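Chemist: Questions regarding the structure given below will be posed in turn.
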Amino acid sequence: MARYIFITGGVVSSLGKGLMAASLAALLQARGYKVRIRKFDPYLNVDPGTMSPYQHGEVYVTDDGAETDLDLGHYERFTGVSAHQGDNVTSGRIYQQIIAKERRGDYLGATVQVVPHVTDAIKEFALADQGDHDFILCEIGGTVGDIESLPFMEAIRQLRNELEPLQSLSVHVTLVPYIKAAGELKTKPTQHSVRELASLGIKPDVLLCRAEHPIPDGERQKIANFCNVRKEAVIPALDAPSIYSVPLQYHAEGLDSEVLRGFGITDAPEPDLSRWYDVVDRHQNPEGEVTIGVVGKYVGLQDAYKSLNEALVHGGMANRVKVNINWIDAEIFEQGDSDIAAQLEPMHAILVPGGFGERGSEGKIAAVRFARERNVPFFGICLGMQMACIEGARAAGFDKASSTEFGETSEPVVGIITEWMTQEGLQTREAGGDLGGTMRLGAYEAKLTANSHVSTIYGGATTISERHRHRYEVNGAYMAPLEKQGLIFSGMSPDGLLPEIVERPDHPWFVGVQFHPELKSKPFDPHPLFAGFVRAALEQARLV
Ligand code: GLN
């Protein structure tokens, strides 16, 4: 049976619990253990699929097509373990299932209540699908004391009683703030948070204390005394120079040893951290730098493009260069050509990322045109590929080329997909149907044209599998004129119907993909498209 690590957060939100969970999992994995990480989100949305990227950051899509919290991206990037639908649950999903059962009469007349029905459903989710995992880490979203998270805390309390002794462990992430005026670190918020957790019946075994300044020994001892843990279990978690140095930093502070000790494991193999040393070395000792302009819509909040940001960093690691990302609001390009040149001329490459809705689309199309005409490396992802096709169509003389996503158009170069093949058979959608969970989601194969630029980028592969999240597609009726204009369709769905990749053979590096390669990039295994794109930016940088 798997061992369980429950991770809660206290004092304030945004302490980086997801990163902490991912780092701990990576450390256990480095010792040879098989790990899996799950996220419990207490909010009432069924999944984050319909939430604004401004509020919630990016929606992370799994191979099996689940729209999940962006923390699952951290989990995958740090462990390489592919997450799936069963690794992220929200209160909304749990209530949806319970209410559906209640309506069917499955509760046989019983009163349906938070305890036991909601808590049982949470426990079931935690215990499902244990496989041969050595450790299952469960991160609870939100902060201890939130009304929404109470059923989750209660479920953990019960689970900790039901699991065998030494089969579960509680890690609590807190903040030890530095009060400048007093010149001191303060332990009181941590004490209060642990007390709050204890009042819910959960005694933490390990405290991970986020701090901006080193925690002196005396303060560590004080936290231990007041919070009922041993001093070695008070792990200082200081701000790190980069997220990729966090596993090494936590290891140096003894996190993984303390966790193993909490399970009574004394004979664990030493971790092999070589891959993390290499990642940190590549990240911290670059041999050059490039600047990439990302022309998008949600540029005000970088979490909205979390995986993209990381994948570009990985592309930099692959080439041992620092990637400076210049986030540019596409809307500013809708105000006249001169701005475009001023903004984009200093860029060594241009990327138009995924997105939804019309706002900024003309600016994105203008950015594509700039990249095409000036021979600047260009990478279009999902909506970015669609914009590249609309730009190509306009260059081919279809002046009114547009997407039906932006309203009625006489030249629908991009239109809604109403039918596509899945492993389960034909999927169909109504144009005006529900927005939640109804896109073409998850991993689909694409066939690449042999000897095309993308096939070379993928190491000569002619079949690839990548993750999708889109409702619109490039209209096959425009393929011939687009190819004549110079935009070649070098990747298609296996049935040959859905365009997956476009490229321009007469351009130094111009690739558009209908999928999201950024979701599969890892620091220790950078995605070939990002490695290739950054390499092209580097070549461009040497030209200018
Ligand atoms: N809005 C576009 C679509 O639904 C692109 C989606 C995306 O970029 N993820 O097809």
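Cβ atoms here come from the backbone N, Cα and C positions, even for glycine.
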Chemist: Same UTP site as S13, K186, T187, K188, P189, T190, Q191 according to TrEMBL: which of K123, K222, K231?
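Modeler: Record source TrEMBL; matching candidate: K222.
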Chemist: Using only what TrEMBL says about ATP binding by S14, L15, G16, K17, G18, L19, D71, identify which of A233, A240, A252, A268 is listed for that site too.
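Modeler: As annotated by TrEMBL, S14, L15, G16, K17, G18, L19, D71 share the ATP site with A240, chosen from A233, A240, A252, A268.
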Chemist: May I ask for the distance between Y54 (L-glutamine binding site) and K188 (CTP binding site), taken between their Cα atoms and rounded to an integer number of Å?
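Modeler: Just about 33 Å between their Cα atoms.
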Chemist: If you average per-residue pLDDT over the domain 'CTP synthase N-terminal' (3-263), what number do you get?
Modeler: 93
Chemist: Suppose we screen the recorded positions S14, G18, G355, C382 by Cβ distance to ligand 1 with a cut-off under 6 Å; which survive, in sequence order?
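Modeler: Passing the 6 Å Cβ check against ligand 1: G355, C382.
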Chemist: By a simple count, how many Cβ atoms lie within 10 Å of the Cβ of E405 (L-glutamine binding site), its own Cβ left out?
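Modeler: For E405 (L-glutamine binding site), the count of other Cβ atoms within 10 Å is 19.
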Chemist: Have a look around I147 (CTP binding site) and count the other CB atoms within 10 A of its CB, chains all included.
Modeler: 8
Chemist: So which binding-site residues are near E139 (Mg(2+) binding site), with CA atoms within 10 Å, out of S14, L15, K17, G18, I147, A240?
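Modeler: The binding-site residues close to E139 (Mg(2+) binding site) (Cα within 10 Å), listed in sequence order, are K17, G18.
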Chemist: Find, among the binding-site residues listed as G16, G18, P189, G355, G384, the one whose Cβ has the highest number of other Cβ atoms within 10 Å in the structure shown.
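Modeler: When each Cβ's neighbours within 10 Å are tallied, G384 leads.
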